[in-house]
């Protein structure tokens with residue numbers, strides 16, 4: 001059973017699904033024995049035994065190409081939708097920040113591989129945090145992971161809402177007794193309720209196939225934008241300003257979110273047949289994603305100029321058939337992510353329930369808590385339906401730590417006192433740069449979000 005689950009993890013190509021499946025070891029224990037033997041302790045769980053680590057290391061079956069596809073799929077996601085908007089608002093000079101962050105995140109991915117080399121028993125991002133800074137390191141990293149998953153789900157639900165009302169723009173629904181609920185909100189509620197039963201699924205492998213559309217969706221979006229420009233529906237003749245310095249902090253969160261995925265990379269590393277090629281996998285994957293983001297950003301900004309939407313799919317001509325495909329792809333993707341994203345919470349919850357409870361009761365509790373959590377996410381998404389601000393805040397608050405500051409801090413601690421001075425200076429610089437970027441981004445995106453909320457309330 002464990003071997004099959006590990007193979008399913010290696011085959012998952014999309015970023016958010018892999019975040020959810022990072023604790024599949026514990027799920028295997030639940031499926032086989034009814035009681036987890038992995039010494040889990042709430043948010044501090046997943047302490048692997050030496051035998052289990054050895055068994056997993058031997059089960060790696062991912063080739064170089066497979067690993068590149070997996071890592072690329074993890075990186076490409078919601079961030080892709082916002083790159084044209086970020087470039088337009090930051091100016092074409094901000095592309096140097098986009099590319100620079102790509103280089104930095106490639107390096108920090110390489111650094112994570114080095115951390116795993118130093119302790120082969122490490123299984124996850126949280127394990128590396130514990131090896132570096134003890135239990136407090138595990139708690140901190142696990143907390144940031146769960147916050148990113150939660151905020152990603154909120155962003156996905158906002159994207160679902162925005163694209164769904166565009167697809168069904170002519171639909172009018174009124175619910176008796178709830179006059180204040182708009183049609184767009186009702187449609188979103190129905191879509192989330194349709195996805196709700198997936199949270200009650202216990203076997204993750206039964207829903208893992210849902211993640212396979214991630215790369216396909218990204219290609220559909222990119223092809224839609226290219227075709228729109230190529231066939232003359234929209235001329236790419238807008239001029240892009242050189243630089244808007246005041247907007248850089250806010251758009252930096254959008255850019256860094258586009259490279260979010262580092263806390264899944266240890267799973268990729270362990271799944272590889274030859275982990276020594278992990279750095280090459282990182283270089284190829286980040287290079288491909290950076291090229292895609294840059295091309296899409298320039299094309300979208302040139303086509304739509306200041307009118308470009310924070311989600312590029314919403315700027316495309318609605319009457320085009322390929323636009324409808326892109327919109328539906330963007331609509332269906334969030335609905336397939338809820339169960340996979342919720343898995344880390346669900347597994348930890350089930351592991352911490354009393355052993356005296358039956359499997360059926362554990363499933364009921366797990367499903368009930370998942371349903372409540374999803375309804376909270378839905379309420380937040382409908383209350384704060386501002387995709388660009390929420391995504392920017394997520395990038396500045398959480399992603400910058402997971403992608404930049406944490407890996408460098410882990411590496412310095414684990415390599416001390418053998419780390420060379422140039423490498424030490426480089427990693428200290430990345431920690432400082434990431435911290436400054438994160439703080440400025442949080443302040444800027446939070447201010448913009450509050451202003452938008454106040455403006456919406458006053459109208």
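Including glycine, each Cβ sits where the backbone N, Cα and C put it.
As recorded in TrEMBL:
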type	residues	note
DOMAIN	61-443	domain 'Amino acid transporter transmembrane'
TRANSMEM	64-86	transmembrane segment
TRANSMEM	92-112	transmembrane segment
TRANSMEM	139-161	transmembrane segment
TRANSMEM	181-201	transmembrane segment
TRANSMEM	213-231	transmembrane segment
TRANSMEM	251-269	transmembrane segment
TRANSMEM	281-301	transmembrane segment
TRANSMEM	363-384	transmembrane segment
TRANSMEM	390-412	transmembrane segment
TRANSMEM	424-450	transmembrane segment
Any residues 6+ beyond the ends of the transmembrane segment (390-412) with a Cβ under 8 Å from its own?
-> 78-79, 82, 104-105, 108-109, 111-112, 114-115, 125, 128-129, 131-132, 137, 141, 144-145, 147-148, 151-152, 154-155, 158, 249-263, 310, 384, 419, 424, 427-428, 430-431, 433-435, 437-442, 444-446, 448-449
Remote residues contacting the transmembrane segment (92-112) - C-beta distance under 8 A, at least 6 residues beyond either end | 83, 86, 125, 128, 240-244, 248, 251-252, 255-256, 258-259, 262, 265-266, 269, 278-279, 282-283, 286-287, 289-290, 293-294, 297-298, 301, 403-404, 407-408, 410-411, 427, 430, 433
Between 181-201, 213-231, 251-269, 363-384, 424-450, who has the most Cβ pairs under 8 Å to the transmembrane segment (281-301)?
-> 213-231
Is the transmembrane segment (424-450) close to the transmembrane segment (251-269), in the sense of at least 3 CB pairs under 8 angstroms with a sequence gap of 6 or more?
-> yes
Count, for each of 213-231, 363-384, 424-450, the Cβ pairs lying under 8 Å from the transmembrane segment (139-161), and report the range with the highest count.
-> 363-384
Intrachain neighbours beyond the transmembrane segment (424-450), with Cβ under 8 angstroms and 6 or more residues off its ends = 104, 107-108, 111, 249-250, 252-253, 256, 384, 386, 389-390, 392-393, 395-397, 400-401, 403-405, 408-409, 411-412
